[in-house]
């Protein structure tokens, strides 16, 4: 059976602000199943932003596990991410989950993959999903050539990705922390 997939998630950090946004499209094969999905949210009493790309059910499972790890480590983002990545890589059931997460708090942004990677992106920009490369390129250009706030960079980057990637639409959810 085909998986639901296709999305763009992008995060931008500048100064003491971070923004994380995603589009709303859920695709099954070559059919758009939903255009208003919410793949970005705040957790841990509004102190952590999280966005996910990949198979929807897998992403929700990982999101729940990440939130539990945050509780376990009292909001310490890196420790929670590393513990989740270890479980994801070593647990036989979790190993087959097909999703990626971007998580961010006031201090850091991390990309968590199913390969056990916890990546601290360079330049304050992270992007995942089918339109991730488009959004990341756009965000990099905007960060280097404008003084736009992170939220505006995220929105413009998602718009560009939505114009180029068939698995990305222009119904955005953007969350920020200051």
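Using N, Cα and C of the backbone, Cβ positions are placed for all residues, glycine too.
Lifted from Swiss-Prot, the feature list:
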{"type": "ACT_SITE", "residues": "7", "note": "active site"}
{"type": "BINDING", "residues": "162, 165, 168", "note": "Na(+) binding site"}
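Sequence features annotated in Swiss-Prot and their locations in the structure.
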residue: 7; record: active site; contacts (Cβ under 8 Å, 6+ apart): 22, 23, 25, 26, 37, 39, 53, 54, 129, 130, 131, 167, 168
residue: 162; record: Na(+) binding site; contacts (Cβ under 8 Å, 6+ apart): 8, 23, 131, 168, 169, 170
residue: 165; record: Na(+) binding site; contacts (Cβ under 8 Å, 6+ apart): 8, 130, 131, 134
* Asked: Given the Na(+) site residues 162, 165, 168, which other residues of that chain have a Cβ within 8 Å of the mean position of their Cβ atoms, reported in sequence order?
  -> 8, 23, 25, 130, 131, 134, 135, 158, 161, 163, 164, 166, 167, 169, 170
* Neighbouring C-beta atoms (10 Å sphere around the C-beta of residue 168 (Na(+) binding site)) -> 29
